[in-house]
Amino acid sequence: MVEKKLTWKQLVLVASLIFGMFFGAGNLIFPIQLGQLSGGNWLPATIGFLITGTVVPFLAMMAVSLTNSQSVYDIAKPVAPWFGTVFLVAIHLTIGPFFGTPRTAATAFSMGIAPFVPLKYQGVVMFVFSAVFFGLAYFLTVKESGLLKWVGKYLNPLFLGLLLVVLVLSLVLPMGDTHQAVSAAYQSNAAFQGILDGYNTMDGIALLALAVSVVYAVRGLGFQKQQVSKVLAKAGLLSILAEAVLYAVLVLVGTTSLGLFKASDNGGAAFAQIVSHYMGNFGTALTGVIVTLAVFTTAMGLFVSFAQDLHRVFPKVSYLWWLRVIAFGSFVTANAGLTNIVAWSVPVLMLLYPFALVLILLSLFSKYFKKSSVVYRFVVASVTIPAFLDALASSPLATTSHVQSLVNGYHHFVPFAALGFGWVVPAVVGAVLGVGGYLLTNSKRVTVLD
């Protein structure tokens, strides 16, 4: 069978689809906040942010494609079936009702509504807004409305167009220069802090759960199964290049905004201030409407993915019931506010990302050790304790005396632990032991067969 050739139009189409999955309206809050916090050290912080904000999601997508995985369960199953189930549930709770989905409504409120509501009424207005937001998301996903495709087709490009206008204005008429104050976390090792900040996008773990839809989209264009990874690699590189440029400009805008504004509690509030500065109240209102509709599509997509995957794993619980779980859970969490949602997610992401990163790398190289469970188990076991300690170090419990002593010892004795990467060296050791065990097991089998 003759392989189909990839046209430029198809390349751009697939790249646009990938870009849409990588970059949502909610994602712009993090590079802007990074810019405000990193100040004069914005460049190394940006480089770090791009590693986990663009490269890791790309690798996650490639891992799903190369291993022919149908869900995040298949990525984690080589460790053990039970681990695959636990990891799938953990990922979907994180990008779903715990943090990801509530963040969509909180971002929309912070950018589009909060600037027009007196502070004392914001709690009540947020309660009503989030109830309507998630109520509509629930009913439209139950009825499988075509609104999702319509909004994605027209409003996401409109949002990006408005964003482009703001960014151009910010570059042509900057609010300040890049020689701004640097917050404590970025005064040394800004690049490493940027890597950790890239966790907040959640794209690295989200793409493990959602990338299969891109794979099917490429197959739908008529490409053979063996061509999909090549198409995704080309389109993915184009997509992450565009996203990297956009993220870098957003960080730069965040940094220069310190010439007029103080650092905000979250990137949503900062973006609202920037838009108001350049476009006035009308621009703020218009951006708020478009952002709300744009993140609404993200929420609906996460609703469907959550309900479908959990119904597949727990078939006795209906798809409709899982939709109700994510709708109610998201509503409750969203009312904690954007700043709290982001803060609460940090320890969880510090726990999950080491597992996600090693599983992505293991998947990419799995053909060299035939997906041996021995290799997977050694590596995952090696990162488990460091991942929990990294999560503990970034949690409120880190201020208690006993936990503080434990964390201090961990940071002192384990390489890179003080930077938030104590799992790296154990992962390498686990990989060496795992591959050694795999080779030893295979050599014994060959000897027996001989």
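Positions of Cβ are set from backbone N, Cα and C atoms, glycine also.
TrEMBL: automatically predicted annotations, no manual curation.
The annotation transmembrane segment is assigned in TrEMBL to 12-30 (among others). Within the chain carrying the transmembrane segment (12-30), a Cβ under 8 angstroms from the stretch's Cβ atoms is held by residues 49, 53-54, 57, 61, 103-104, 107-108, 110, 152, 156, 159, 163, 197-198, 200-201, 203, 206-207, 210-211, 213-214, 217-218, 221, 231-232, 235-236, 238-240, 242-243, 246, 250, 266-268, 270-271, 290-291, 294-295, 298, 338, all 6 or more beyond its ends.
The annotation transmembrane segment is assigned in TrEMBL to 42-67 (among others).
The transmembrane segment feature in TrEMBL is assigned to 79-99 (among others).
According to TrEMBL, the transmembrane segment annotation covers 119-142 (among others). Long-range neighbours of the transmembrane segment (119-142) within the same chain, counting only residues 6 or more positions beyond its ends whose Cβ lies under 8 Å from a Cβ of the stretch, are 101-102, 104-106, 108-109, 113, 148, 292, 296, 299-300, 303-304, 307, 320, 323-324, 327-328, 330-331, 334-335, 337.
Residues annotated as transmembrane segment in TrEMBL: 154-173 (among others). Within the same chain, residues 20, 25, 28, 246, 249-250, 252-253, 256-257, 274-275, 278-279, 286-287, 290-291, 293-294, 297 sit at least 6 positions outside the transmembrane segment (154-173) and bring their C-beta atoms closer than 8 Å to a C-beta of that stretch.
The transmembrane segment annotation in TrEMBL covers 205-223 (among others).
The transmembrane segment annotation in TrEMBL covers 235-261 (among others).
If you look up TrEMBL, you'll see 281-307 (among others) marked as transmembrane segment. Long-range Cβ contacts of the transmembrane segment (281-307) within its own chain (Cβ-Cβ under 8 Å, at least 6 residues beyond either end) map to 24-26, 92, 95-97, 100-101, 104-105, 107-108, 111-113, 115-116, 133-134, 136-138, 140-141, 147-148, 151-152, 155-156, 158-159, 162, 166, 209-210, 272, 275, 319-320, 322-323, 325-327, 330.
Residues or ranges marked as transmembrane segment by TrEMBL: 319-338 (among others).
The transmembrane segment annotation in TrEMBL covers 344-362 (among others).
Taken from TrEMBL, the feature transmembrane segment covers 374-393 (among others). Under 8 Å from some Cβ of the transmembrane segment (374-393) lie the Cβ atoms of residues 78-80, 83, 347-348, 350-352, 354-355, 358-359, 362, 403, 406-407, 410-411, 414, 417, 420-423, 426-427, 429-431, 433-435, 437-438, 441, all in the same chain and six or more residues away from its ends.
Residues annotated as transmembrane segment in TrEMBL: 413-440 (among others).
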Three or more CB pairs closer than 8 Å, sequence separation of 6 or more: does that hold for the transmembrane segment (205-223) against the transmembrane segment (42-67)?
yes
Any chance you could find the range in 42-67, 319-338, 413-440 with the most Cβ pairs under 8 Å to the transmembrane segment (235-261)?
42-67
